[in-house]
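Encoded as structure tokens, the structure appears first; notes follow it.
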Amino acid sequence: MESRWVLHLDMDAFFASVEQLTRPTLRGRPVLVGGLGGRGVVAGASYEARAYGARSAMPMHQARRLIGVTAVVLPPRGVVYGIASRRVFDTVRGLVPVVEQLSFDEAFAEPPQLAGAVAEDVETFCERLRRRVRDETGLIASVGAGSGKQIAKIASGLAKPDGIRVVRHAEEQALLSGLPVRRLWGIGPVAEEKLHRLGIETIGQLAALSDAEAANILGATIGPALHRLARGIDDRPVVERAEAKQISAESTFAVDLTTMEQLHEAIDSIAEHAHQRLLRDGRGARTITVKLKKSDMSTLTRSATMPYPTTDAGALFTVARRLLPDPLQIGPIRLLGVGFSGLSDIRQESLFADSDLTQETAAAHYVETPGAVVPAAHDATMWRVGDDVAHPELGHGWVQGAGHGVVTVRFETRGSGPGSARTFPVDTGDISNASPLDSLDWPDYIGQLSVEGSAGASAPTVDDVGDR
């Protein structure tokens, strides 16, 4: 009999899996979700794409090169992922009263009914939980279980894809000891490098240190905590998390930035990191803030507030770039950060995001940006791959391809099965922009959310790009 069981539920390839769920033709295809521009980054990759070596946070051009012409590249649909995530964890909460949600796609739980249970009973419960999520949403989860959060999270990683891994308490130390030290929660690239320089490659080697040695290497605060985790001591409680007020990312440069070209190149990468966290959080942002620390250590911040919350990368990044001052006027820049705030649930992304920005400039509040402008208006006849559309007879669909005066639409949703493709003139009046949520085909569930006016849980979202 074991005393405590913590579960870690992790949705498998969540962003790409939601795309394959709502666009059935993509099932079994190598799907990449992320930025489509030259500096785009992969936010999510299906397991079919991962088989080629593609992964999250990889430059999109590199992932496409690895996969070749069979790659399906789609822009993120944050509003769809948010509702899918909400339904997943509503389902989990039907079996477990307290869920500590870390992001869109993962959470801890400590079911009270498993206190003192044997491993076989835990396996049965985990399978019941996975089956309930799959039946309710059509999405696949992996579940790990152990005596604490650390072991549970490692176990869910070992269970992927589409599996369960229950680690008995007597097995935990043996499992931990042989793993790379980077697998320990809280060990980032900087700490990993410090440990490697001292010949400490595994969690077992870290556990063999004394408390004093761990504190000396990793710091007086974090060192002892990581040392305890390495020894399998993890009594952290599972608790509901409060919503973060801001999502941010920043980087300190070894050499100061002195030109607008350097600033533009740097902010694209930093904003991409912050945007990935925004997508995982599940809410949209209204306010974009750019933070700059000059070579004299003084700090300058500039911000702009849009009329509505959004997860649209194009709108957010364009505003961030336009907030940048010229280093020739203010001096060299040693640190640059991007923050998204004014976070709230989005039930529907604006169908003409850039146009809304242009038309509602008077409603936007700008700080320290006299004369700032917003993105140019969107041309409604220029369809993008991944756009959700509707046809009066064929129903809901998505743009599969566009160019040379025509647009190809695949008409399908989660409940339809693989659909047929139709080609139209690009200026056709037969198709119109549609809500991405219609692709989920959950009218009753989404309608109930609208009635409740409730918000989903979210994860803490502070990110330091400089330590990645």
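Cβ atoms here come from the backbone N, Cα and C positions, even for glycine.
So that you can see what the record holds, here are the features copied from Swiss-Prot:
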- 6-188: domain 'UmuC' (DOMAIN)
- Asp10, Asp105: Mg(2+) binding site (BINDING)
- Phe15: site 'Substrate discrimination' (SITE)
- Glu106: active site (ACT_SITE)
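With the fewest other C-beta atoms within 10 Å around its C-beta, Glu106 stands out among the recorded positions Asp105, Glu106. Secondary structure at Phe15 (site 'Substrate discrimination'), as computed by DSSP, is helix. Secondary structure at Asp105 (Mg(2+) binding site), taken from DSSP and collapsed to helix, strand or coil, is coil.
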